[in-house]
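Just below is one structure, and these are the notes that go with it.
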Amino acid sequence: MSLPSRQTAIVNPPPPEYINTKKSGRLTNQLQFLQRVVLKALWKHGFSWPFQQPVDAVKLKLPDYYTIIKTPMDLNTIKKRLENKYYEKASECIEDFNTMFSNCYLYNKTGDDIVVMAQALEKLFMQKLSQMPQEEQVVGGKERIKKDIQQKIAVSSAKEQIPSKAAENVFKRQEIPSGLPDISLSPLNMAQEAPPICDSQSLVQITKGVKRRADTTTPTTSIAKASSESPPTLRETKPVNMPVKENTVKNVLPDSQQQHKVLKTVKVTEQLKHCSEILKEMLAKKHLPYAWPFYNPVDADALGLHNYYDVVKNPMDLGTIKGKMDNQEYKDAYEFAADVRLMFMNCYKYNPPDHEVVAMARTLQDVFELHFAKIPDEPIESMHACHLTTNSAQALSRESSSEASSGDASSEDSEDERVQHLAKLQEQLNAVHQQLQVLSQVPLRKLKKKNEKSKRAPKRKKVNNRDENPRKKPKQMKQKEKAKINQPKKKKPLLKSEEEDNAKPMNYDEKRQLSLDINKLPGDKLGRIVHIIQSREPSLRNSNPDEIEIDFETLKASTLRELEKYVLACLRKRSLKPQAKKVVRSKEELHSEKKLELERRLLDVNNQLNCRKRQTKRPAKVEKPPPPPPPPPPPPPPPELASGSRLTDSSSSSGSGSGSSSSSSGSSSSSSSSGSASSSSDSSSSDSSDSEPEIFPKFTGVKQNDLPPKENIKQIQSSVQDITSAEAPLAQQSTAPCGAPGKHSQQMLGCQVTQHLQATENTASVQTQPLSGDCKRVLLGPPVVHTSAESLTVLEPECHAPAQKDIKIKNADSWKSLGKPVKASSVLKSSDELFNQFRKAAIEKEVKARTQEQMRKHLEHNAKDPKVSQENQREPGSGLTLESLSSKVQDKSLEEDQSEQQPPSEAQDVSKLWLLKDRNLAREKEQERRRREAMAGTIDMTLQSDIMTMFENNFD
């Protein structure tokens with residue numbers, strides 16, 4: 001069988017039926033919730049598109065789909081079934097949802113994209129399903145049954161008269177409730193600041209009183225949402241011509257009971273939502289080790305606690321609290337907290353204080369109290385508004401019930417009474433909404449008063465200085481406009497649910513673009529993004545903002561849209577700033593400016609190179625200390641210094657040659673002066689005067705280059721960090737010769753400072769400067785001199801330019817301090833002491849080895865010549881015995897030790913030194929390592945601050 005014939009063999013079955021031909025479905029409050037809330041939310045989700053239509057096996061080339069999946073299901077079929085009243089109860093609809101998800105999991109593999117999408121949808125489905133009303137009640141059931149009774153009566157009695165009367169009655173009764181939503185909802189839209197809970201309560205209580213005699217009509221959508229009527233009974237299916245008073249009397253008690261039920265299901269405040277989050281936190285797995293005893297009620301029989309219920313009168317546990325929370329039995333957060341605290345008090349009351357369960361209860365109570373303290377308080381105005389609306393609604397319902405009960409049986413009189421009653425209701429509702437507006441304007445007035453008080457002081461100044469400060473008036477106008485704009489923004493949180501419903505879901509490309517835009521934002525803007533997410537996502541509200549993990553797939557569409565607005569606004573501001581700074585210039589001007597800058601830099605570099613070569617040719621007099629006895633090999637230079645010196649040697653061989661040929665006497669080099677600045681006060685004063693003409697032209701070169709200040713500051717900071725990082729490897733030269741270890745380190749630091757100053761000068765220049773002669777001598781031995789006549793002829797005429805200029809620069813002391821190294825006297829002293837101690841130990845070791853060697857030789861000699869030893873033993877006066885030989889050797893070693901231990905610094909016993917040698921060595925090694933670590937992390941902050949102030953002053 002060929003491939004095309006196989007494809008044609010795949011046939012899609014007919015879609016599932018959505019009209020119930022066997023039995024007529026009914027409409028319940030739970031089915032309404034599934035249709036209006038659950039299905040709507042799933043349909044709007046970004047992952048719902050594969051589930052919105054039946055699976056097309058032909059298009060997707062899935063020949064075995066309908067052989068594996070026996071009962072296919074999709075969202076469109078469920079939607080049609082809900083619209084056509086296919087279901088009798090909500091459990092059938094929920095079963096269809098579960099079938100749709102299980103089909104996806106059955107046919108596809110666990111890691112597929114479609115499975116991940118189905119899991120996300122199922123998670124949303126379960127979240128919405130948890131908000132569904134607990135009790136299922138039929139909506140509009142009375143009307144259907146009474147219509148059937150009317151039709152039976154019409155068939156049995158006069159066929160023409162009674163149907164016409166029934167139709168008239170039904171038509172008249174439909175007119176009045178249809179007007180109710182317009183009357184009740186129009187003023188509610190005017191005052192949106194009242195909480196939605198109070199509105200729903202007032203609607204329920206008002207419409208109950210008016211709807212006494214309109215029970216046989218179909219309820220409108222607003223009434224169906226607010227009140228859920230009980231299923232019809234046989235007593236209510238009596239003939240139509242029953243007196244109105246009996247109907248009203250019978251319906252008073254059930255209606256009042258139903259009102260309380262509706263209030264319980266509707267009244268879910270923000271605090272109770274937080275309480276449910278706290279309960280979930282307490283039942284989480286991370287609290288399992290100390291929360292498990294409180295999950296279920298105490299089983300006194302199984303645990304053998306026969307007197308438990310005598311001591312504990314009101315037992316409580318987390319399972320009972322969760323059941324109450326699911327059934328919405330808590331009116332406010334304080335009832336919830338009272339039950340939780342009662343559970344802990346029962347534990348403390350029954351168990352002894354040192355019991356294990358008491359400790360577990362205390363840890364769990366700490367978790368509860370910590371989270372409960374973070375619950376925000378309810379606004380006082382909304383509570384007042386609730387009380388006002390409920391009181392007025394109760395009064396209206398009493399009046400309406402009394403008027404309805406005292407009404408006549410005739411339909412004309414009842415209609416007139418209804419019209420009058422509705423007019424009264426309209427007036428009273430308007431009065432209530434006016435009170436709500438007054439209450440809502442109270443905080444705004446307080447804010448205005450605060451703003452006025454803060455603005456009084458600048459206003460007084462303006463009266464005195466009207467002519468001096470005319471620019472302040474437009475600023476005040478802007479502030480007033482901002483205040484007016486900010487006032488209506490406070491009403492936005494009440495419309496969050498509408499925004500969430502109306503927000504357009506984001507596709508994959510939009511989410512990817514949003515994540516890229518967020519990454520472009522600076523760090524100070526990210527805090528606002530975290531605040532937006534936490535304020536709109538209840539699951540992330542209690543999370544730590546520093547360690548928050550955000551998944552765009554779990555965020556609501558309204559949150560993503562709000563983030564998109566904020567990010568776009570920030571990026572617009574950033575894009576406008578550089579455009580304002582740009583100045584339009586022609587290409588020729590830019591080229592000419594670049595040429596001028598390059599010429600300036602080349603001139604500065606050449607001048608400074610010539611001056612440096614003059615000074616390096618002068619003989620540098622550095623006093624070298626006498627070499628100590630056994631010098632260990634010095635460690636290799638740091639990588640930064642070595643690489644820098646190689647670069648400068650390779651790049652400036654010709655420059656150094658020209659400088660060596662044309663030498664002049666009379667001044668010392670910059671590196672020697674800066675290196676010996678900290679050794680003595682006399683030399684520091686003379687060297688600072690010599691180093692000034694070298695360092696200052698460098699800075700003028702930087703200024704002439706017109707580099708931006710940020711780059712200069714970064715360069716200087718990097719140079720200072722390099723200097724401080726170079727201190728650690730320099731401090732490791734503690735085992736160097738003891739004569740003058742401080743001078744070597746200071747010379748290397750001075751050379752490094754001059755090298756970094758040259759790097760800051762020539763960042764944009766073409767040539768690089770060579771190091772001074774002393775610096776090369778310290779790092780790489782004696783400098784190699786290359787002579788060339790061409791470089792002499794080129795650079796000699798330009799050498800006189802910087803000598804004639806008299807340059808004055810601010811904060812010269814800060815630049816002097818750059819040449820001075822950081823003091824490391826403590827480290828160097830300790831290194832000298834360490835070297836002396838190591839030297840002592842080595843000498844002692846040599847002495848001991850010598851004595852042992854002599855003893856060994858004598859013993860071997862005696863073993864080889866036994867005759868000599870016997871003769872010596874027989875003639876004690878004539879020869880030496882072994883004892884005398886050993887005693888002589890010991891005497892010699894003691895004399896040597898005493899001669900070596902004669903100085904006061906070595907006045908310790910040899911035996912104690914040998915015992916404590918290993919311990920002292922380990923201790924000193926550890927101390928040295930710690931000192932090196934401490935010195936590696938130190939940074940001269942005063943040096944950095946001086947450099948920063950210098951740059952700021954010169955760029956002003």
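Note: Cβ is positioned from N, Cα and C throughout, glycine not excepted.
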Practice problem: With Swiss-Prot as the source, identify the stretch among 208-219, 472-483, 700-711 annotated motif 'Nuclear localization signal'. | Solution: 208-219
Quiz prompt | coiled coil per Swiss-Prot - which of 53-78, 261-286, 417-442 | solution = 417-442
Quiz prompt | Record-annotated phosphoserine (source Swiss-Prot) among candidates Ser186, Ser230 | solution = Ser186
Practice problem: For Asp113 (site 'Histone H4K5ac binding'), just count the other CB atoms lying within 10 A of its CB, please. | Solution: 10
Quiz item: When the domain 'Bromo 1' (26-132) is classified with DSSP, how many of its residues are helical, how many are strand and how many are coil?
Solution: 71 helix, 1 strand, 35 coil
Quiz prompt | Under 8 Å by Cβ from Asn108 (site 'Histone H4K5ac binding'), counting only residues of that chain that are 6 or more apart | solution = Ile114, Val115
Quiz item: So what pLDDT does the domain 'Bromo 1' (26-132) average out to?
Solution: 92
Exercise. Work out, from DSSP, the number of helix, strand and coil residues along the compositional bias 'Basic and acidic residues' (915-934).
Key: 20 helix, 0 strand, 0 coil
